[in-house]
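A.B. asks: Found this in Swiss-Prot, in case it helps:
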SIGNAL    1-20  signal peptide
CARBOHYD  Asn61  N-linked glycosylation site
CARBOHYD  Asn179  N-linked glycosylation site
BINDING   His290, Asp302, Asp364  Zn(2+) 1 binding site
BINDING   Asp302, Glu337, His434  Zn(2+) 2 binding site
ACT_SITE  Glu336  active site, nucleophile
CARBOHYD  Asn353  N-linked glycosylation site
CARBOHYD  Asn356  N-linked glycosylation site
CARBOHYD  Asn396  N-linked glycosylation site
Amino acid sequence: MKFLIFAFFGGVHLLSLCSGKAIYKNGISKRTFEEIKEEIASYGDVAKAIINLAVYGKAQNRSYERLALLVDTVGPRLSGSKNLEKAIQIMYQNLQQDELENVHLEPGRIPHWERGEESAVMLEPRIHKIAILGLGSSIGTPPEGITAEVLVVTSFDELQRRASEARGKIVVYNQPYINYSRTVQYRTQGAVEAAKVGALASLIRSVASFSIYSPHTGIQEYQDGVPRIPTACITVEDAEMMSRMASRGIRIVIQLKMGAKTYPDTDSFNTVAEITGSKYPEQVVLVSGHLDSWDVGQGAMDDGGGAFISWEALSLIKDLGLRPKRTLRLVLWTAEEQGGVGAFQYYQLHKVNISNYSLVMESDTGTFLPTGLQFTGSEKARAVMEEVMSLLQPLNVTQVLSHGEGTDINFWIKAGVPGASLLDDLYKYFFFHHSHGDTMTVMDPKQMNVAAAVWAVVSYVVADMEEMLPRS
């Protein structure tokens with residue numbers, strides 16, 4: 001790989017800004033926080049150079065265009081699918097062509113589920129085709145389907161109160177949308193709770209903050225000792241319509257057909273690339289997003305955007321001829337949508353070196369206009385991150401909020417490694433999440449430029465500071 005020896009922006013020699021004196025004695029920092037603040041402030045011109053390149057310079061729109069090429073070419077990338085395998089191989093080649101270092105694939109085993117053909121039709125009180133999306137890991141119905149009367153409930157509590165009515169029926173959940181973290185339990189646990197009271201299947205109102213007759217899929221979980229029943233999500237509109245019908249005392253009958261099957265686990269890979277550290281190469285700042293998606297839409301928002309701004313962060317740093325003291329590592333996870341399967345296998349493989357991880361970063365809540373970071377770590381680490389984020393004042397992206405957790409980095413965070421997630425405008429995120437609407441049309445190249453600049457500045461500065469982030 002070639003690195004630029006000199007890079008000038010506004011007459012400033014970037015590499016001179018990266019030099020730092022040794023501040024360790026017997027492994028203990030002797031610096032005051034004011035000295036740390038001064039060190040971070042010295043990266044101001046580096047941050048401006050990254051911002052200029054990403055937002056206004058030759059690299060603007062690059063992450064968007066790279067992403068569009070992949071998702072238009074490959075499409076959705078379900079765990080275990082040929083599409084995911086193809087995307088991984090394409091990204092492996094892309095990272096090599098980008099002249100990043102130590103590009104490699106780390107193998108693992110991941111779930112392989114396919115939805116097959118599926119349909120739902122209301123037979124009573126009138127004929128009405130119901131849009132559905134089967135949920136990940138659901139079983140299928142018999143070939144002839146399941147035809148049964150419907151019981152509509154709005155909560156698990158109501159289901160328990162009406163348990164005697166549920167046997168032999170299809171339970172329809174019309175739970176209100178509060179927020180994703182509180183409402184998603186109906187998607188993940190709806191089938192189990194319905195099966196406990198003798199239901200034949202469950203249909204769940206999509207976990208969406210807005211709907212234009214769009215079902216949203218996602219993972220669901222069975223429980224040992226509880227019968228497994230078919231389960232799918234339906235649109236907000238159909239859930240509300242059936243709730244209104246039921247409140248009038250009208251009998252509702254649905255025929256449900258699902259061809260879903262689970263196959264043996266299959267081979268897959270986490271995709272890795274680096275810029276090797278100049279002084280502490282064994283120490284790591286990790287940036288990441290997941291390459292897999294659900295099998296609807298294009299997986300552009302979830303999580304193509306996060307994966308591609310993570311790649312872009314390394315590209316920007318490489319293009320400026322910068323080499324941080326620590327290794328900056330990109331990981332594109334496999335099988336996140338099945339519960340962080342690829343990330344867990346990565347953690348199991350690398351946790352022996354956990355003391356060398358300074359910061360783990362994940363972007364998996366969209367790449368809309370960012371306002372800052374969500375961060376989990378010690379108070380001292382948070383104070384450092386607040387100073388780092390002040391470098392992004394030119395973009396007005398300076399917030400540091402709590403809860404930096406993400407599915408793929410939680411393993412590290414729970415073990416004490418500081419973690420960060422991109423904080424961006426989520427207003428429209430759950431309009432499109434896990435639906436046919438997750439396409440490149442959702443993405444905004446200018447917003448991706450800003451997100452990539454944030455990702456690059458934060459990862460570079462933390463990787464280049466003389467000290468790792470302090471832990472509790």
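Counting starts with 1 at the first residue shown.
Including glycine, each Cβ sits where the backbone N, Cα and C put it.
Given the structure is predicted, the values throughout are model-derived calculations rather than measurements.
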A.B. asks: Beyond the listed site residues His290, Asp302, Asp364, identify every same-chain residue whose Cβ lies within 8 Å of the center of their Cβ atoms for the Zn(2+) 1 site.
C.D. replies: Gly289, Ser293, Asp303, Gly306, Ala307, Glu336, Glu337, Ser363, Thr365, Thr407
A.B. asks: Out of His290, Glu336, His434, point to the one nearest Asn61 (N-linked glycosylation site) in space (Cα versus Cα); all of them are recorded positions in the record.
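C.D. replies: Result: the closest of the recorded positions to Asn61 (N-linked glycosylation site) is His290.
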A.B. asks: Same chain, not part of Asp302, Glu337, His434: whose C-beta falls within 8 angstroms of the C-beta centre of the Zn(2+) 2 site? Give them in sequence order.
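C.D. replies: Neighbours found: Thr217, Gly218, Ser293, Trp294, Gly299, Asp303, His433, Asp438.
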A.B. asks: Name the secondary structure element type, per DSSP in three states, that contains His290 (Zn(2+) 1 binding site).
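C.D. replies: Its secondary structure by DSSP: strand.
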A.B. asks: Using Cα-Cα distances with a 10 Å cut-off, which of the recorded positions Asn179, Asn356, His434 are near Asp302 (Zn(2+) 1 binding site)?
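C.D. replies: Within 10 Å of Asp302 (Zn(2+) 1 binding site): His434.
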A.B. asks: Taking 10 A as the limit, how many CB atoms besides its own sit near the CB of Glu337 (Zn(2+) 2 binding site)?
C.D. replies: 26
A.B. asks: In sequence order, which same-chain residues at least six apart have a C-beta under 8 angstroms from Glu336 (active site, nucleophile)?
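C.D. replies: Result: His290, Asp292, Asp303, Gly342, Ala343, Asp364, Thr407, Asp408.
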A.B. asks: Cα-Cα, whole number of Å: Glu337 (Zn(2+) 2 binding site) versus Asn179 (N-linked glycosylation site)?
C.D. replies: 19
A.B. asks: Tell me the coarse DSSP state (helix, strand, coil) of Asn353 (N-linked glycosylation site).
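C.D. replies: DSSP call for Asn353 (N-linked glycosylation site): helix.
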A.B. asks: Sort out for me which one of Asp302, Asp364 has the most neighbouring CB atoms within 10 A, since those are the binding-site residues we care about.
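C.D. replies: Counting every other Cβ within 10 Å of each candidate, the maximum falls on Asp302.
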A.B. asks: Nearest of the recorded positions to Asn356 (N-linked glycosylation site) by CA-CA distance, picking from Asn179, Asn396, His434?
C.D. replies: Asn396
A.B. asks: Including all protein chains shown, what's the count of other C-beta atoms within 10 A of the C-beta of His290 (Zn(2+) 1 binding site)?
C.D. replies: 30
A.B. asks: Which three-state DSSP class does Asp302 (Zn(2+) 1 binding site) fall into?
C.D. replies: helix
A.B. asks: Among the recorded positions Asn179, Asn353, His434, whose Cα is within 10 A of the Cα of Asn396 (N-linked glycosylation site)?
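C.D. replies: So the list reads none.
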A.B. asks: For the glycosylation sites listed here (Asn61, Asn179), tell me which residue's CB has the most neighbouring CB atoms inside 10 Å.
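C.D. replies: That would be Asn61, with the most Cβ atoms nearby.
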A.B. asks: Between His434 (Zn(2+) 2 binding site) and Asn179 (N-linked glycosylation site), what is the CA-CA distance rounded to a whole number of Å?
C.D. replies: 15
